[in-house]
């Protein structure tokens, strides 16, 4: 053995911790790197990571290990905590009133099916690649470095904006409990509209949940159990009391705006299913990933889908869709059936739900950022794991400090549809990545089969885009579907019949491949197309900003990372992960 390397302090601020690559050593090196941008870009677009690199090599960048302390029971409750927030209370009334009517139940079924198909894909990857990076790591392995960067940008955008939006909503529901106007606790200023209501309470709740999350993952899990259990009691009351005051005549007309209204609403309420991916990022802290992740992820999402449908049904039967208040649907509905006091219980449930969303989000979002920093797409200082707490404190601070700044100033109303696009895009890419994983293995799959797979995947994606576009242009038409739907079906059938699966899942796999992943692609693209032009314009602007960052920093940092010598492998990491895989 040689001399032992002395551990470095966690709290350090050297240039090497933020810009370790050769490209950033001085201005001359940086100018040289910029002159090679095109060559480096070609390499990074074509490069793909390996399972072993994600599981073993990259984890060394964090210097310390996260603590394996979570079971399937913890993950199930984290699933409830991550997903069930204010969305179900806010979006249900809004979309039932404006788009779907009583058929809002079908909107939740459609978006729930899309979410469950994505959950299948996440589960297979999380079992086989149990790392903190979640979808970022999975897409980096199967679709390459550049596709992973697009994923990373959308993950960080969603984490920051989503946390800020939930924190602002927390303040509004807190004032409802106090029987005051939603803006009464905000500071009114003369800034431009949309940025003129400063929200110190939103900043405070972000700070409190972040402190809990960085103190200990196990402690966070205990707190999440309690808060989620209270929230489930409130939700049970809403469902039972709502159905007790049901009037079936309120279900007529069932779909006043037709199928278009159902799917427009489905695209929006998909946001209420967001957060399930946080569970996959906890794989490094899960005692037995191969058993615990499928139970926790699939179990919690199945129950959540049923809960959402029952809540939507209870609201639709309590009140005529035209009378539903889009801003406080459940509170007003209970008030009109003589249960005025119930609005406080609804506000408490929403408040508890948002608290667990922020808490579980602090866990999942930080682990995404940790793994993104491990490959140097953002400075590697954010990948460090604290030796005592076993949590990524720096990554948590990155997401939450930026979120707090935005939550303090902005109402973020314009970002709701943008967040849905980000989630749907990542889910679509995950389905494509799963198909690539099953049907293409480097060194085994013949080139002709790779070309066939590429062609069939392009047909699936293009036909799905065509179906969505035709729906948007002519909702009542049918001629276009006679082309796009058969193309999707034939391309999926061709993969099933003409291509052998070159990789078989070791423990748990998505059933009915390629049909389930292909259907996930089609549904996610279809729902994206239902969001409207403004959402895509905002998404395009954000994507341009991401690409500028990538060209001037991310590309060169990841290039340097890929070409640096590998660090010595620690036997403990290998033993832990091999043991998890065998289990």
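Just so it is clear, glycine is given a Cβ too, placed from its N, Cα and C backbone atoms.
Those TrEMBL annotations? Automatic predictions, nothing curated.
Between the listed ranges 42-67, 146-171, TrEMBL ties the annotation transmembrane segment to 146-171. Here the transmembrane segment (103-125) has Cβ contacts under 8 Å with residues 92, 95-96, 134-135, 138, 254-255, 261-263, 265-267, 269-270, 272-273, 276-277, 279-280, 293-294, 297-298, 301-302, 305, 308-309, 312-313, 315-316, 321, 424, 427, 430-431, 433-434, 437, 505, 508-511, 516-517, 519-520, 523-524, 527 of the same chain, all six or more residues outside its ends. Take the transmembrane segment (258-276) and the stretches 222-246, 297-318, 449-472, 478-500, 507-529: counting Cβ pairs under 8 Å, 297-318 has the most. In terms of C-beta pairs under 8 Å, the stretch of 222-246, 297-318, 478-500, 507-529 lying closest in packing to the transmembrane segment (449-472) is 478-500. The largest share of C-beta pairs under 8 angstroms with the transmembrane segment (535-557) comes from 146-171, of the ranges 69-91, 146-171, 297-318, 507-529. Remote same-chain residues near the transmembrane segment (222-246) are listed as 74, 77-78, 80-81, 84, 212, 307, 310-311, 313-315, 317-318, 330, 333-334, 337, 339, 342, 345-346, 348-349, 352-353, 355-356, 359-360 (criterion: CB distance under 8 Å, separation of at least six residues from the stretch ends). The residues of the domain 'Cationic amino acid transporter C-terminal' (508-557), classed with DSSP into helix (H, G, I), strand (E, B) and coil, number 40 helix, 0 strand, 10 coil.
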